[in-house]
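Following: one structure in structure tokens, then a few remarks.
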């Protein structure tokens, strides 16, 4: 299959990437951030806690955290041992607790206790890197951003949108292919697809809506009936219906 794409032009790549995004929009019409939050501060905290953890584990942990710590000042003044105990289930709790306390301090001292809405300012916050900043901008403030997590990077390389490994380079490469107003939604769609269909070890190729545009089609079972059991998540019925099953 690799030879099929060896002569793809830049224009051809742009058209294919945008066509794949439209197909993903049909497959996942109601994408969203899978971290639970009600404010920019809650999303920032949840995203920091999600490092080396799962969204499911974070969502089980944050209700108690958000009830106890309601403001940046609360985090700044938190008893470290108590905070560590709250967030222990997410892993690396000592480092994360230190980051959250310093985050609260930075927000109180420099931003009047509010999470800023620019990449430049977000970058200055403890525990906030580019991926976290894009999550916050896109989901708390409606500012388009591409979130390059493990799933996103793996899939766009599998699709040959880019060969880059560095997340920042991946972000820029994909940003040149897809319309800016689609960046946040694209991020969710790709992550949903990676978690539900395009698995790392055994993708469900035979029921994938991207099959005709995917250079890696065939990495997983191509027979629909063999691929169908691999599809995960609450959208499984919809995805299988799109595949004619």
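Using the three backbone atoms N, Cα and C, a Cβ is placed for every residue, glycine included.
If you average pLDDT over the domain 'HhH' (119-138) in this model, you get 94. Under the heading domain 'HhH', Swiss-Prot lists 119-138, citing sequence analysis as support.
Under the heading [4Fe-4S] cluster binding site, Swiss-Prot lists 198, 205, 208, 214, citing sequence analysis as support. All protein chains shown were included, and the count of other CB atoms within 10 Å of the CB of residue 205 ([4Fe-4S] cluster binding site) stands at 23.
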If you count the other Cβ atoms within 10 Å of each Cβ, which of the binding-site residues 208, 214 comes out on top?
208
Taking the center of the Cβ atoms of 198, 205, 208, 214 at the recorded [4Fe-4S] cluster site, which other residues in this chain have a Cβ no more than 8 Å from that point?
197, 203, 204, 210, 211, 216, 217, 219, 220
Any same-chain residues 6+ apart from residue 198 ([4Fe-4S] cluster binding site) with CB under 8 Å of its CB? Would you list them in sequence order, or say none?
155, 158, 204, 208, 210
With DSSP assignments reduced to helix, strand and coil, which class does residue 208 ([4Fe-4S] cluster binding site) get?
coil
